[in-house]
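As recorded in Swiss-Prot:
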- Lys183: active site, proton acceptor (ACT_SITE)
- Glu190: active site, proton donor (ACT_SITE)
- Gly10, Met11, Ala12, Val13, Met14, Gly15, Asn33, Arg34, Ser35, Val74, Lys75, Ala76, Asn102: NADP(+) binding site (BINDING)
- Asn102, Ser128, Gly129, Gly130, His186, Asn187, Tyr191, Lys260, Arg287, Arg445, His451: substrate binding site (BINDING)
Amino acid sequence: MSKQQIGVVGMAVMGRNLALNIESRGYTVSIFNRSREKTEEVIAENPGKKLVPYYTVKEFVESLETPRRILLMVKAGAGTDAAIDSLKPYLDKGDIIIDGGNTFFQDTIRRNRELSAEGFNFIGTGVSGGEEGALKGPSIMPGGQKEAYELVAPILTKIAAVAEDGEPCVTYIGADGAGHYVKMVHNGIEYGDMQLIAEAYSLLKGGLNLTNEELAQTFTEWNNGELSSYLIDITKDIFTKKDEDGNYLVDVILDEAANKGTGKWTSQSALDLGEPLSLITESVFARYISSLKDQRVAASKVLSGPQAQPAGDKAEFIEKVRRALYLGKIVSYAQGFSQLRAASEEYNWDLNYGEIAKIFRAGCIIRAQFLQKITDAYAENPQIANLLLAPYFKQIADDYQQALRDVVAYAVQNGIPVPTFSAAVAYYDSYRAAVLPANLIQAQRDYFGAHTYKRIDKEGVFHTEWLD
């Protein structure tokens with residue numbers, strides 16, 4: 001009896017859609033789910049598909065060619081560990097487990113180490129694109145043993161999204177947790193993109209009182225230019241969607257933004273690495289403060305502030321917001337890729353930043369036209385310290401920074417919260433500052449804690465008795 005080249009464990013929507021994606025590329029796929037009903041449901045809903053159901057782990061594992069390729073699409077955390085433990089008794093040395101869940105990269109490093117010691121291969125794989133991407137072609141970020149990746153690369157390449165130039169949106173990222181780390185930073189950048197767009201929306205509503213139809217038209221125009229991206233594209237559609245009562249749906253959605261924790265992971269890692277991920281972290285905090293709805297409503301009746309005044313010429317202000325949004329986006333990516341560089345050095349991953357930008361060009365949530373500019377920047381100078389220093393991005397900063405400053409100044413004067421736009425200005429000015437007031441902080445630290453300091457006019461480390 002012939003055996004399958006790959007099996008998928010976990011038949012929730014992402015696992016189901018990836019299995020169907022793999023099947024559509026000409027493979028017969030073994031499928032397994034902890035609950036029998038889920039597996040039966042997938043088979044019943046997809047008659048004629050080359051999906052072969054199994055109802056015991058042993059039969060599932062034995063149905064696969066060796067070395068076995070098993071894609072796990074189960075709940076991250078304890079669920080992943082439990083799935084791995086259930087598979088191990090039936091695996092042979094050299095078999096490959098691919099974890100496609102939203103897994104914390106440190107867990108992937110641990111699992112890679114533990115499974116490698118037992119003779120198994122483990123590939124932690126970031127998968128971006130949501131339900132539709134899983135079915136039609138996601139962006140895929142695999143990390144683990146390079147030789148194991150080579151054995152699964154033909155399948156991953158076939159199921160990945162394809163960019164406009166025909167390149168598949170998958171590449172080997174690096175050892176152990178590199179793939180899941182890049183996916184984590186991707187999600188952090190996604191948080192930043194979404195909050196920047198939300199602030200642009202708030203400015204256009206508060207400053208110009210644009211209607212939903214006007215907002216949709218504005219975003220349509222933006223999507224035809226340098227802001228062209230998946231998130232801008234879907235946002236234009238959101239503005240005009242109505243509910244069953246004829247109300248604009250976006251206007252009746254509660255203003256509390258939920259999260260699944262991946263943005264927080266990105267910010268926590270930035271703190272561990274000493275990376276100033278300010279814009280992305282502000283986007284995480286913006287979601288947190290949005291969840292304080294009752295407190296915000298109460299505070300709105302107590303705390304005073306300015307009432308928003310008209311922002312002036314409509315076309316001029318829209319263009320300023322567009323420029324501010326694009327430069328803010330550039331700052332967000334500059335921070336994210338700077339963090340990737342720091343992580344690559346810390347964990348010895350040897351990341352290829354240009355290739356990472358390339359696989360974000362299709363399939364994933366942050367796909368955008370300007371990602372090619374990032375790839376070009378790293379092709380020109382692979383060692384560039386920060387994307388803001390690349391010629392294209394430097395020119396945009398030169399041309400657009402005044403618009404960003406004007407928009408932030410207007411927002412502050414008119415009581416419109418713009419935490420990520422503000423963070424973009426602060427980061428840009430801090431990064432370009434040859435001198436910062438940190439000398440005073442060092443003096444304070446030495447004063448109360450004898451933490452010492454360095455001088456600009458002498459070599460060495462110094463301490464002063466400040467009360468003498």
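Backbone N, Cα and C define each Cβ position, glycine as well.
Distribution of Swiss-Prot features across the structure.
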residue	record	contacts (Cβ under 8 Å, 6+ apart)
Gly10	NADP(+) binding site	Asn33, Leu72, Met73, Val74, Ala83
Ala12	NADP(+) binding site	Lys38, Met73, Val74
Ser35	NADP(+) binding site	none
Lys75	NADP(+) binding site	Gly101
Asn102	NADP(+) binding site	Ala76, Lys183, Asn187, Lys260, Thr262
Gly129	substrate binding site	Lys136, Gly137, Pro138, Ser139, Ala161, Gly363, Cys364, Ile365
His186	substrate binding site	Gly126, Ser128, Ser139, Met141, Phe360, Cys364, Ile365, Ile366
Tyr191	substrate binding site	Asn259, Gly263, Thr266, Ile280, Ser283, Val284, Arg287
His451	substrate binding site	Gln442, Arg445
Maximal Cα-Cα distance (Å) across residues annotated as binding substrate, namely Asn102, Ser128, Gly129, Gly130, His186, Asn187, Tyr191, Lys260, Arg287, Arg445, His451: 48
Inter-residue Cα distance where the pair is Met14 (NADP(+) binding site) and Glu190 (active site, proton donor), in Å: 19
Cβ-based isolation winner (fewest other Cβ atoms within 10 Å) among the recorded positions Lys183, Arg287: Arg287
Reduced DSSP assignment, Lys75 (NADP(+) binding site): coil
Intrachain C-beta neighbours of Met14 (NADP(+) binding site), sequence separation six or more, cut-off 8 angstroms: Met73, Gly100, Val127, Glu131, Ala134
Where Met14 (NADP(+) binding site) sits in the secondary structure, as DSSP reduces it to three classes: helix
